[in-house]
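Under the heading ATP binding site, Swiss-Prot lists GLY157, GLN158, THR159, GLY160, THR161, GLY162, LYS163, THR164. The feature coiled coil is assigned by Swiss-Prot to 35-73, 400-456. Residues annotated as compositional bias 'Basic and acidic residues' in Swiss-Prot: 577-587. Annotation comment: Swiss-Prot describes 588-608 as compositional bias 'Polar residues'. For 79-404, the entry in Swiss-Prot reads domain 'Kinesin motor', with the evidence type sequence analysis.
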Amino acid sequence: MLISAEKGEILIPQSPLSSESVVPLVYTDVNVVPEHESNQLEKSISNLEEEVFELKLKLKSLDEKRKQVLNKIIDTKGSIRVFCRVRPFLLTERRPIREPVSFGPDNVVIRSAGSSKEFEFDKVFHQSATQEEVFGEVKPILRSALDGHNVCVLAYGQTGTGKTFTMDGTSEQPGLAPRAIKELFNEASMDQTHSVTFRMSMLEIYMGNLKDLLSARQSLKSYEASAKCNLNIQVDSKGSVEIEGLTEVEVMDFTKARWWYNKGRRVRSTSWTNVNETSSRSHCLTRITIFRRGDAVGSKTEVSKLWMIDLGGSERLLKTGAIGQTMDEGRAINLSLSALGDVIAALRRKKGHVPYRNSKLTQILKDSLGTRSKVLMLVHISPRDEDVGETICSLSFTKRARAVESNRGLTAELQKLREKKISELEEEMEETQEGCKKIKARLQEVECLVNEHKKLFWITNDKYLEDIEKKAISPLDHLKDTDATPISSDKLVKIRKSSGFVPRFMTSTVASRQRQTMSEKEINAKAQSIRSVAKNLTQFSTSQSLSLSDSRSKALLRRSYTKPLQAAANSGTPPETPKRHIKDNSLQRKNMNDTSSPRSKMVTSSDPNVRAKLCHHKRRMSSLT
């Protein structure tokens, strides 16, 4: 077999076993890329990969800058922020001529019994505020959760003021929880320097007990039957809080996360009161655990938590008319809310001791309310005149939470400096985000070019290598002697190296080695099978000749066997095996016409006196197997 190095051609020479002259066959690969084009393509891939590496470094640097700027903005505004949302009047409610509640962009004024009280907030959402507007103010804190900070979003307020609507919403107007989950997946999909995974858990705190809302055992059972699941609050050496026994599911997309969220909502404890027909009688806590890992080798996984909490409604027993178990539920809710207020107030005042152990709610949120955490509380109030007492109680709670960090406590000059600093940071944030967006677009474009170039390179060069390996065995190799040695892997490697188009980083891939090994095994197996068939035929012919009882036949057979040996000794060619006649004409015609396996078929002898019966052949063949 000859290989043309100029055009990548394989020439098949004339077979030595064929009696007729065979015209040499030429196989030409039309898909071969010229060497200079292959080298140019390889160089282009290398340059593009270097550009991808540089773009990722720039993107990582800008992302770190964005994280720092965002953290400064949130800290300047306050790591614990309090918003207020005023519920609109319902269609069944009578709207008074003079409303008791008036509000501005960051304050609420309550008028009652000839007096007025003013409460300040970081932001006030009016009655006409939409779900999208509320989420717009919450969205930046979600980015902090992806950046590695623990984040806590709480909905607080009197029963019937719209806490559950703000957190859950409806199918037409989704609430904060579904919007936040969707935003997390959107942000994670655009992060080209980190891989992000999410796990989800839901539980409720009912009268001081923990209930797993995503457990497979949850159904329409009574709480006493379903509360047997053991959930224990534990704190590790680093201060991270874990709940032993709590179900945690990995969510791969928003659809699956929304399904689990709806499942947990359906088994939450609710009850009828004078104020609300479906009053929440517990605190519902949804936890999204975020695992963020860099693409660089040796990067560590950052773990952060996002808590979205729909707190039970604060209420006065005289207003709700609760008795029995409903009254006990209300008391338990009020006690845990009071403990939460104490913790937030202590954190805002930066006290040395924070009373986390006063309730299960604050124990669970210990690592999400303290240092490096971001807290956002949404206080809900009613505009009705009948609810003024409960409204004042809710706003007084938030006043404790905001503590001494009221903007009114600052002088006009300090207030202007604070606003100017926030404005400058927000401008820097926009510039950084715009830079990240441009780099991401360019990075995506370059990665597409790299993939296209690599695909072209593999299609052309790898196909040529496969053709060489396949054509290394000539289509007429089966006509050669059975002792011919197949082409070894060393020769194939030399063929590859001599072609000159294989790039340095593809000279020894796993795929090529596997194809090499499989090809060699097939060639060796084919040669071995041909040798075994030839050996069996030799033994078969010998056994037939020895079984003949006629001495004359033995002499004729001996002469017919020794003559080729003498001729072979004189000419230097190997002897031919003894041949016999077979009476089955159809089998004889089939064997004579079969040119693909000349060594495995049985041919006739020129001496008619040494013919054997077909039954003898069958009997001897069965004994060989």
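Each position is counted from 1, following the chain as shown.
Positions of Cβ are set from backbone N, Cα and C atoms, glycine also.
Under DSSP, GLY160 (ATP binding site) is assigned to coil, being neither helix nor strand in the three-state scheme. Only residues 6 or more beyond the boundaries of the coiled coil (35-73), in the same chain, are considered here, and those with a CB under 8 A from a CB of the stretch are 140, 143-144, 147, 149, 192-193, 294-295, 422, 425-426, 428-429, 432-433, 435-436, 439-440, 442-443, 446-447, 449-450, 453-454, 456-457, 460-461, 500-501, 503. Looking at the coiled coil (400-456) alone, the prediction's average pLDDT is 78. Within 10 Å of the C-beta atom of THR161 (ATP binding site) sit 28 other C-beta atoms, taking all shown protein chains into account. For the binding-site residues THR159, THR164, counting C-beta atoms within 10 A of each C-beta gives the highest total at THR159. In sequence order, LYS163, LEU311, GLY313, SER314, VAL379, HIS380, ILE381, SER394 make up the list of same-chain residues 6 or more apart from GLY157 (ATP binding site) whose Cβ falls under 8 Å from its Cβ. Cβ neighbours within 10 Å of LYS163 (ATP binding site), excluding its own Cβ and spanning all shown chains: 28.
Minimal Cβ crowding within 10 Å, among the binding-site residues GLY160, GLY162, is found at GLY162. Within 10 Å of the C-beta of GLN158 (ATP binding site) there are 26 other C-beta atoms, taking all protein chains into account.
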